[in-house]
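Straight from TrEMBL, the features:
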DOMAIN    1-324  domain 'Aminoacyl-transfer RNA synthetases class-II family profile'
BINDING   E82, G83, T84, R114, Q128, E132, R257, Y261, Y262  L-histidine binding site
Amino acid sequence: MSTFQAPRGTYDLLPPDSATYLAVREAIAEPLKNSGYGYVETPGFESVELFARGVGESTDIVSKEMYAFETKGGSKLALRPEGTASVLRAALEANLHKQGVLPVKLWYSGSYYRYEKPQKGRYRHFSQVGAEAIGAEDPALDAELIILADQAYRSLGLRQFRILLNSLGDQECRPVYREALQGFLRGLDLDEETRRRIEINPLRVLDDKRSEVQKQLVGAPSLRDYLCEACRAYHDEVRALLTGAGVVFEDDEKLVRGLDYYTRTTFEFVHDGLGSQSAVGGGGRYDGLSEMLGGPALPSVGWALGVDRTVLALRAEGVELEIPASTSVFAVPLGEEARRVLFGVVTRLRKEGVATDFAYGGRGLKGAMKVANRSGARYTIVAGERDLAEGVVQLKDMESGEQNAIPLADVVAEVAARLS
């Protein structure tokens, strides 16, 4: 055992489990690739100020959960706690919005970091796949992203997830609601920190999961009653488009999400098999974020889906993904001459695109065949001195157990043909 262990709240992804995580990432990304989203990658750390402005100084993410540090040169940086602010910063820096095609549609995948209390489904290091559509105010764009996430989850075999949907209004109607909500919240018996939040961002109190807070929120003003006509019409169109696409959702007027930049549409994907940490992903519209970061007005919408949470949801439903074997052919040499010859065969097979592995370390036949069996290879190529003297190798079908002598000169073509 190593002297060192992974830091608390983190994990290592190792085979065979890592194959499931990769399959989940690919399944989430596939609908995005087919819908005009291009891949973007940003640094693992950014300026602290980017997240303070973008995510919101009053959020738990910025005030309590960021891994922040100061460089030797005095720069204040933080490991990225979420993806949207970084992706929008990158798009603005590269002037993607000036290239004549809006919205700019981007997707990303990576690791994110928050100093949270570690528990099942919530880690200090976690993986997400995200999508952002930058520069267009269109209900169809909001609906598109929700539909693509729904499509991704269903392609994985998930069925027991729910989509929660709400509208947070805009700069015209939300201030009126904010004032009404503050008046209601100030009359409640709340702790000092929550009372401070009432003055900074009262909508975040609605997101408080503590039962003692939720009980007091019964009778709170409903944002739906304060939406202006434009926001109401926008939200109704999003709902109509989702319904027309056959996507089932639930209206949740208390859904505000944990980030300050959301406007109008907000949504969350939850899975009841995950207990209290039921969210597997979510997102919404953030029409003012670009201006907060010093850019032009660029109404935008996006989401992030947790890879770790999605894997837990699959396990909760008992869904086993069909992961193809990483190795199609396994070569077993018996003797030094066979080792050199079969290594050449392995190299040629790999050049032909055949996933091939080799019995390293000079194992005997019995030990090498055990490794071949564990690899999941469909075929095993075995050769010893007698085989080479006859100019053949033994090709064994690991499913049927059938074994044939194949001319050495033909084995690459034969294997490729059988696998095609």
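Keep in mind that glycine also has a Cβ here, set from the backbone N, Cα and C atoms.
TrEMBL entries are annotated by machine, without manual review.
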Confidence summary for the domain 'Aminoacyl-transfer RNA synthetases class-II family profile' (1-324), mean pLDDT rounded: 93
Other CB atoms within 10 A, centred on T84 (L-histidine binding site): 26
Among E82, G83, T84, R114, Q128, E132, R257, Y261, Y262, the record's L-histidine binders - longest CA distance, Å: 21
Cβ neighbour count (within 10 Å, all chains shown) around E82 (L-histidine binding site): 21
DSSP three-state assignment for T84 (L-histidine binding site): helix
Helix, strand or coil at Q128 (L-histidine binding site) [DSSP, three-state]: strand
Packing count at Q128 (L-histidine binding site) (other Cβ atoms within 10 Å of its Cβ): 22
Count of other CB atoms lying within 10 Å of the CB belonging to Y262 (L-histidine binding site): 27
Number of other Cβ atoms within 10 Å of the Cβ of R257 (L-histidine binding site) across all protein chains: 21
